[in-house]
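Reading through the structure tokens given below for one structure.
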Amino acid sequence: MSDSKSIDFASVPDQRGHFGPYGGRFVSETLMDALDELDQLYRKLKDDPEFQAEFDRDLAHYVGRPSPLYFAERLTSKIGGAQIWLKREDLNHTGAHKVNNTIGQALLAKHMGKPRVIAETGAGQHGVATATVAARLGLKCQVYMGAEDVKRQALNVYRMKLLGAEVIPVTSGSQTLKDAMNEAMRDWVTNIDDTFYIIGTVAGPHPYPQMVRDFQCVIGREAREQCLKQAGRLPDALVACVGGGSNAIGLFHPFLQDEGVAMYGVEAAGDGLDTERHAAPLNRGKPGVLHGNRTYLMADENGQIIETHSVSAGLDYPGVGPEHSWLKDIGRVQYMGATDEEALAAFRELTRVEGIMPALESSHAVAYAMKLAATMRPDQIIVVNLSGRGDKDIHTVAAIDGISI
Amino acid sequence: MSRIKQCFDRLRAEGRKALIPYITAGDPNPQMMLPLMHELVEAGVDVIELGVPFSDPMADGPVIQLAMERALAHNVGLRDVLDMVREFRKTNQTTPVALMGYLNPVEHMGYEAFAEQAAAAGVDGVLLVDLPPEEAEEVAPLFRSHGLDSIFLLAPTTTLERARRICENASGYVYYVSLKGVTGSATLNVTEVAEKLKQLRTITDLPIGVGFGIRDGASAAAIASVADGVVVGSVLVSQIAANLGDPEQARAGIAAIIRDMRAAMDR
């Protein structure tokens, strides 16, 4: 869309967290003061060289950044279209991009002197990343997880326990990620004096969507620099999966001003976008308010949030970060879908052809990138955010294959 | 003059305090609502807060979460809630009814359509828990133009400066949340509430209702001695949960609690 050229993407969100009509701060009054306090502290620290140096140091020595930008040569030649490059967030400590954000928020918690952190988690990746930084900083950590997810993700539950966190199964509502987030909010409103809530994605009330984005932007900054250095130019297209959308915004944001770079966010199409079983609010939802922000949501005719479906627990969420809603409306990013079946096929293909086992979430991005590459020229470049590794999903894939391990 | 203002003016003149029960619309089933609302009035309440069921009630504790799940099992939506108020108004034109709920169902209906239909149904006030005044700059005037009072929350964490701005946007009454937490939380510190209310009185003339943690005649009377209204919810909803097979018993239990509170408050 031509009118997005004149937008200064760095000026968004506004002072109160609005991305166009989206975002904002829709929470009960008890939380407003804490959010103000967090906002003020974050405003101060984000331009503080000392804080940034501390963050960068942790990213380098604890997370292992920069993560490589890898040319997937065999996959590329098999498809015979554009070059597919993978931003290897799967190689981060704890195995996904989530840790970039938990490092940042844990540093904020430390600056605020909060001895306790809480988090919500779906598949458990954000919970593990939170428990990890809490262990490192000696913070008490409690993680809310839908009772259904606790059953499905036993390995990550045990991992969090080993790290010293307490995992609290949530039995209300649909017993999945959205309910875990409700419960974390209830905890926070009750324990606001001593607790920092580490939200795992670019959603929630202001300043979370902005803060999490800023912490995740290291992905895109590195990828931009690496692509210029390794390929000699900017990519033609970026592809990332979108659940809440933190890995996608992290990759996209540093490129938004680069007009020639097309961007594709890939939602979980589940059984198909035209079925009732998917998790694709940007493709099939409409704007509403949930979890502190206005954004595209999956809701019924009464405005009740409906249950979503995806083979990947990390994309199984009825909302999406508000900045994505805005980027969709202004046409800067195209939002597509990949079905469970397409994601599983991509999971197998990347594993066999490149020896890289992607998370099922990231497999959605790989699936769409493979389709897109086939329509492009061999001199063109696609950068795919390989946001996490697939070890956690082996049980899911094995079960689909009818194998119990 | 709004029904809510008339109600508080009358109570003030009589030297009495408002008793404001909360029930979730459609809990345990839609048929029970009308008899329950009328029973509440007979037992001595002044304003009824009617909860609009929502799938993700972030500010509510387990008691009201479950009430909303029971109502949603009957697929009770915002339009059904408005129908209940319309029915109630056929035989009661004096008791104010305030809707209390979350923003998304209202946003889905559309603000203009909601304001129009709510006013036509006989709703008097609206409290949207996740709509702070900052985000209500367009909504509150729209509601006001349809004769609906905008009721806002004040919390222990609300600064006086912020409370001033909130009260400027509010009408009908303001709702002081007596403790940090969700609905149905246990501890209530009346001295702290009294202290906070004394401050709030310096910045607003609006009646102040207090809720969260009020569960019997004694706590209702204690709060009534410092506030203009006493909001009671989870303890009533618990009666419904405890008597799911016997709605008559639930209604009798709720009426008994209300009578007890009324007597203690008027003593």
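Including glycine, each Cβ sits where the backbone N, Cα and C put it.
As annotated by TrEMBL, active site, proton acceptor applies to B:Glu49, B:Asp60.
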B:Glu49 (active site, proton acceptor) to B:Asp60 (active site, proton acceptor): how many Å between their Cα atoms?
15
B:Glu49 (active site, proton acceptor), Cβ-centred 10 Å count of other Cβ atoms over all protein chains shown, is 25
Structural state of B:Asp60 (active site, proton acceptor), classified by DSSP into three states
coil
Restricting to the same chain and to sequence separations of six or more, state which residues have a Cβ under 8 Å from that of B:Asp60 (active site, proton acceptor).
B:Met68, B:Val182, B:Thr183, B:Gly184
